[in-house]
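**Q** Just dropping this structure here.
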Ligand code: DMJ
């Protein structure tokens, strides 16, 4: 994701949204049911829940949610823990010594990554492992400690108790939400809200819940658009009702680089899991309502060939450009459809249908086989195929395998095969490089197969998507090759990315003496190391029966108890 370069858009007209159709009302009632026992909502909020007719809030006004979540509501944590089918860290049955040793190696890598972050960059967003200092960046609107929040659940699952306590202490004492800057709604949601929610569900520590809810409220003004589709950038500053000229008014706007003020599919389509849990924990349906509205608008809008383009206007609700990608700009939207259904304990049939239809269209129009027999997912620009796959798109092997489990007998094997073929192609993109790590994008044209052809696409920034697919494929097939491939990745990370003070991305995967980019991404701790660790765990550690992983690998519980029709 890039920086916002445009000035804030003019305030949206304060008109009421079109009358909500019956299906929206039903969906919102379902979302409200999921939020648990009825909260003592204020009359104004009730109107929002029932119809959505008064959904649009003035951009500078006090958010209804701020009032609502002050109402006493207690989430029954003990009841939630009793509803889990497996202990979160598993039962530890006997296992072979090699698997255990490999898991311990990955745990050591996590400790190394954390210790160096703590020593040189605690409180900054990421570690710069070569220069041994911190990086703040501009995605999080003044929030700090992205690596702390992203690492919490991985530290906990790996039983790095002391390190987990260090991270928790930082959240308690130093995590300041009183900031005033421009943040990516998507990044704050997947890393901070996702990380805090997961830490709360795993430990029951109230501090994680209260921070998640407080931060969630700060994101709500982004949804004040005519369609309810949020804008991509939000100012996290206090919403000041006294001054129309307040520079910190919770205003939102679109990324300057996104065409014609549009919102991005992978951004506004990647809120559902976290926002439903914000409602679950607060008793306030407003979060679920916001996320459900986006899903509903997407379900209704006409789709070219059944495909979802990456840019949509939050004002008109129409597509702005016909670029379709299962990699960057589109990716996690598809992931959240199938995971929304799983997280609802298979009740959200609308999300499932949208996923099934989208996958059918993707398979029909985008899935191709190379001359050398590698299956890949191309990108689509107004009907013309670009025979390229991004590293980001490699999550799709795992997603398709996860969905295959629920595709019905006749489709199940077909989708498992497709998932295996895509994962194999992504593995090839690693195997064909000199470092055994994969490039940012690889192509299938002019005689090239699964390799980057452009200098600008040769880098690897510690991304997780390929090992993420290995983890799902292992859990769903138990084919030992996925553990072998995961171990190849561990060895390559150790050889090429481990430096004196942490792990760094590399600029060219096609040389055995790569230069480093001096950045230990927070998702390396949240995702890459977590998925690798889980690959060498028994299946009951963060069991897929109990948990869905958000797109930053933060585990959120399946709602076994509350989402009852
Ligand atoms: C992560 O922040 C998330 O996985 C997101 O969905 C995509 N990009 C990075 C990792 O590559």
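Note that the numbers count up from 1, one per residue, in the order the chain is shown.
Just so it is clear, glycine is given a Cβ too, placed from its N, Cα and C backbone atoms.
Not my notes, these are from TrEMBL:
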type     : residues : note
ACT_SITE : 187      : active site, proton donor
ACT_SITE : 331      : active site
ACT_SITE : 440      : active site, proton donor
ACT_SITE : 465      : active site
BINDING  : 551      : Ca(2+) binding site
COMPBIAS : 1-21     : compositional bias 'Low complexity'
**Q** So how many other Cβ atoms are close to residue 187 (active site, proton donor), meaning within 10 Å of its Cβ?
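**A** So the Cβ neighbour count for residue 187 (active site, proton donor) comes to 21.
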**Q** Write down the Cα-Cα distance for residue 465 (active site) and residue 440 (active site, proton donor), rounded and given in Å.
**A** 11
**Q** Quick check for the class: what is the C-alpha distance, in angstrom and rounded, between residue 551 (Ca(2+) binding site) and residue 465 (active site)?
**A** 10
**Q** Select, from 187, 440, 551, each of the recorded positions with a Cβ positioned under 6 A from at least one atom of ligand 1; if none does, say none.
**A** 551
**Q** Does anything in the same chain, at least 6 positions from residue 465 (active site), have a Cβ under 8 Å from its Cβ, and if so what?
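**A** Same-chain residues close to residue 465 (active site) (Cβ under 8 Å, separated by 6 or more) are 391, 392, 393, 394, 395, 426.
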**Q** By a simple count of other Cβ atoms within 10 Å, which of 331, 440, the active-site residues in the record, is least packed?
**A** 440
**Q** For residue 551 (Ca(2+) binding site), what is the tally of other C-beta atoms lying within 10 angstroms of its C-beta?
**A** 26
**Q** Any idea what DSSP makes of residue 465 (active site), helix, strand or coil?
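**A** Assignment for residue 465 (active site) reads helix.
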